[in-house]
Amino acid sequence: MMEELHSLDPRRQELLEARFTGVGVSKGPLNSESSNQSLCSVGSLSDKEVETPEKKQNDQRNRKRKAEPYDTSQGKGTPRGHKISDYFERRAEQPLYGLDGSAAKEASEEQSALPTLMSVMLAKPRLDTEQLAPRGAGLCFTFVSAQQNSPSSTGSGNTEHSCSSQKQISIQHRQTQSDLTIEKISALENSKNSDLEKKEGRIDDLLRANCDLRRQIDEQQKMLEKYKERLNRCVTMSKKLLIEKSKQEKMACRDKSMQDRLRLGHFTTVRHGASFTEQWTDGYAFQNLIKQQERINSQREEIERQRKMLAKRKPPAMGQAPPATNEQKQRKSKTNGAENETLTLAEYHEQEEIFKLRLGHLKKEEAEIQAELERLERVRNLHIRELKRIHNEDNSQFKDHPTLNDRYLLLHLLGRGGFSEVYKAFDLTEQRYVAVKIHQLNKNWRDEKKENYHKHACREYRIHKELDHPRIVKLYDYFSLDTDSFCTVLEYCEGNDLDFYLKQHKLMSEKEARSIIMQIVNALKYLNEIKPPIIHYDLKPGNILLVNGTACGEIKITDFGLSKIMDDDSYNSVDGMELTSQGAGTYWYLPPECFVVGKEPPKISNKVDVWSVGVIFYQCLYGRKPFGHNQSQQDILQENTILKATEVQFPPKPVVTPEAKAFIRRCLAYRKEDRIDVQQLACDPYLLPHIRKSVSTSSPAGAAIASTSGASNNSSSN
């Protein structure tokens, strides 16, 4: 409908307004038929056209109507032309009730047509402001006056009904009116248009920004793909170079091992009855040293024999006359031409001095050979260890540099235990060297035993994963390979463990040993400060790693497989916790309470680790274990060696300070009630050099303690 109104020409709009206002148009002849048709086309909302005064048929009136007074051919307009009131008059003449269905329907359609038409005309935004504003203000009143001025063609009975119709039309028309003026509407339109332009501009900007961002995302995505491809190439090249380097190192190790087999020795298989055993055969280096020792021994024996003969030819002392028998013997020897005649005193001393010098030289040479022999023994230990490592590596299923978990490239075998292998590996993700411990279960085990071992390893992983201390080896990762094997990824340390160092060097200085003990105690203090606290239970030189392979560097503690968690359910601050794994561990480093057999399991606490610290410190200082040094674990268990270790004995050499001996005694107290715990161990004066010096120099109590400890040390050493 709005499109039809907009399509009218100005002349027809003026004619339409004249019909609403009742004012004639003097600008030319008016075609009433066309104007009525246009009005009906605009005002009709239903499919049935509204009846006009020309078309309506009055069934009630049978009289003839006058001819149309308005003649379009004459070109003049008369006041008897059809007005808008005629449409309302038709509506007023039809009663609201008592009509048939078609009449009621036509009345309802005519009633709804006019307000709709008026609302459409008022809402038309493009009408001229000067023409529409004054006319639109009086539309309502024009309808009422037009109805009053029109001649009534009905009786007085229809007057009230027509008035009610006029009121209804007037009310409906007022309800469709608005308080907004054309100026306000135009202002709102302008503001809306400006807002719309701003929004459209903002939308355009956002679209351009979105396009730019999409373009940048595409560029970054392409760059990311490019970098990923480059990274993959770098990783592939790194793997290739690492494998080549590992192969070269393996070849070099095997060449060196083959050379050392001739120089240091090798294992040979010897048959004993129905069984075969491996027997060690020394190489030519040891054989040469043994020959030199045999030569030195034979020369020493010869010198001793000559010294005895020289003693027989020793001249008598001054003032003593030789006996007659000696003279007769000398004569006989001279007559016989023998050379063992009596020497003069000067000749005797000269010959004696020569023999002494020769013996001294042989002794020095023997010491050098002994030192060389000890050095070769240390090298032989390395050689034997390398032979075993190469043998285990050649028989391993992981010898061909596999990549485990798509991340860890195995390089070479570090060592092998009962059910595990430790490989040096490279982490391709973090770009660092790691130690991968591969746990392999025996396929012949029962499922229950496999589950128990796996549960034990998971427990170790959970304990170790939460630890974060510079003196404890870090655990990075844990994953399964198959149903019978899984891996743990640990921090890699270049050096060896303390046990290997002691086998190579026997012992170390007190300063170096104290430095190692201080670091161990620092780690134990951390284990007892976390919640819940942890007992390591398996402290020994084999579980203490030397980072750079020397005794004057950093250490790290590893292997938490036997650790005990002191949670609230199992640990009592007075009695400790029950030892559920009695018989496990390394017996040389366990305290006596771990070997007590009774109806109930023994109670342990962190004092177990304190005892282990004392044993390790003693072994570092003296090169031997304080209890059961040359015994096996089975002998220690059968002979109750640790249960009998009520007091520690110190050898006279090497020389150790009284403070170190007192510290060892505090750690190796037989009764656990008399032994210090980890917290007291961390505050021990011996491990704090500045406090120890100040106490020994300024405090009389410290001097008294030092004197008593020195006296006790003297008494024990005596």
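Even glycines carry a Cβ here, placed using N, Cα and C.
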Candidate ranges 130-160, 285-315, 626-656, 688-718 [criterion: Swiss-Prot lists as coiled coil]: 285-315
Structural state census, the region 'Required for interaction with TLK1 and DYNLL1/LC8' (193-244) (DSSP three-state): 52 helix, 0 strand, 0 coil
Beyond the flanks of the coiled coil (285-315) by at least 6 residues, Cβ under 8 Å: 263-265, 340-345, 348, 351-352, 355, 358-359, 362, 365-366, 369, 372-373, 376, 380
CB contacts for Asp538 (active site, proton acceptor) [other CB atoms within 10 A, all chains]: 22
Where Asp538 (active site, proton acceptor) sits in the secondary structure, as DSSP reduces it to three classes: coil
